[in-house]
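A quick write-up on the structure given underneath.
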Amino acid sequence: MGSKAIFSLVLILVISGKFVQSDLTFNFDNECSFSVWLSASPSVGDGDPERGPGTLEIFSMPDPWTGSLWLRTKCSYDASQVNFTCETGDCGSGSVDCQSPPPKPPVTLLNLDINQNVVSYEVSLNHGFNVPVRIQPIGGTLVGGSGVCPVVDCIKDMGDVCPPSLVAINKNRAYVGCNSPCDALKDPKYCCTGSFTGQACQPNDFSKRFKELCQLAHTYPGDNDPPIYKCSGASAYNVTFCPL
């Protein structure tokens, strides 16, 4: 194949949007007073997941990519210096790398669908809460709406308001996070399973309390207020841990 033919083929692929995978900038800003370890399912290729307090990392997220991000907290090696575990968000890998296995709740989830610089994004408390977080698109336009792409977040610490039945504790019986009622109580009405699907999936006393504190997050499986926003053409996404 001649050089002109190769150039024409490449140009067609670029125009059609079927060329090689690109990347999208995510700025991970850890404003927490403690280290966190970023985790993803499926993997985003993060070889150094630890983010110390006060650190800002400019990270290239794969595009396309669909999955969840979350944070692990209070992580350390055991006495043998072999097994690496975390008090929240642990994925059972036993290593610093935690790319793909689902996390052990409670975790604040950032659910993303990235496709050719169009990003659907939400903060979900459907599997509990462990770290306050905010997602803020930089620029871009709201798909299916007008104006800028909105911020979503859950910036209130649940530690003081988590119901006793949902409190997650460590081996020293200290609070480490707040479970969702589905994960803690295993009741179909909280999980929106069985006879509680569709229209029968309704807010509950727990989710209503969480919504009072985190109005921009989804607090139960059927929650669509706010909707899952879709942003096109943002130059980057600022993701802040412990934003206040």
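The count begins at 1 with the first shown residue.
For all residues, glycine too, the Cβ spot is worked out from N, Cα and C.
Keep in mind the model is a prediction, meaning the values are calculated, not measured.
According to TrEMBL, the protein has these features:
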type     : residues      : note
SIGNAL   : 1-22          : signal peptide
DISULFID : Cys32-Cys242  : disulfide bond
DISULFID : Cys75-Cys86   : disulfide bond
DISULFID : Cys91-Cys98   : disulfide bond
DISULFID : Cys149-Cys231 : disulfide bond
DISULFID : Cys154-Cys214 : disulfide bond
DISULFID : Cys162-Cys178 : disulfide bond
DISULFID : Cys182-Cys191 : disulfide bond
DISULFID : Cys192-Cys201 : disulfide bond
Of Cys32, Cys86, Cys201, which disulfide-bonded residues come within 10 Å of Cys191 (disulfide bond), going by C-alpha to C-alpha distance?
-> Cys201
Just counting, how many other CB atoms are there within 10 A of the CB of Cys98 (disulfide bond)?
-> 26
Cα separation, Cys162 (disulfide bond) to Cys149 (disulfide bond) (Å, whole number) = 31
Taking the Cβ of Cys242 (disulfide bond) as the centre, how many other Cβ atoms fall within a 10 Å radius?
-> 19
Write down the Cα-Cα distance for Cys91 (disulfide bond) and Cys154 (disulfide bond), rounded and given in Å.
-> 22
Around the Cβ of Cys32 (disulfide bond), the count of other Cβ atoms that are within 10 Å = 21
Which of the disulfide-bonded residues Cys32, Cys86, Cys182, Cys201 has its Cα closest in space to the Cα of Cys162 (disulfide bond)?
-> Cys182
Cys178 (disulfide bond): tally of other CB atoms within 10 A of its CB | 24
Which ones, of the disulfide-bonded residues Cys32, Cys182, Cys231, Cys242, have a Cα no more than 10 Å from the Cα of Cys192 (disulfide bond)?
-> Cys182
By CA-CA distance, flag whichever of Cys32, Cys91, Cys98, Cys214 among the disulfide-bonded residues is nearest to Cys201 (disulfide bond).
-> Cys214
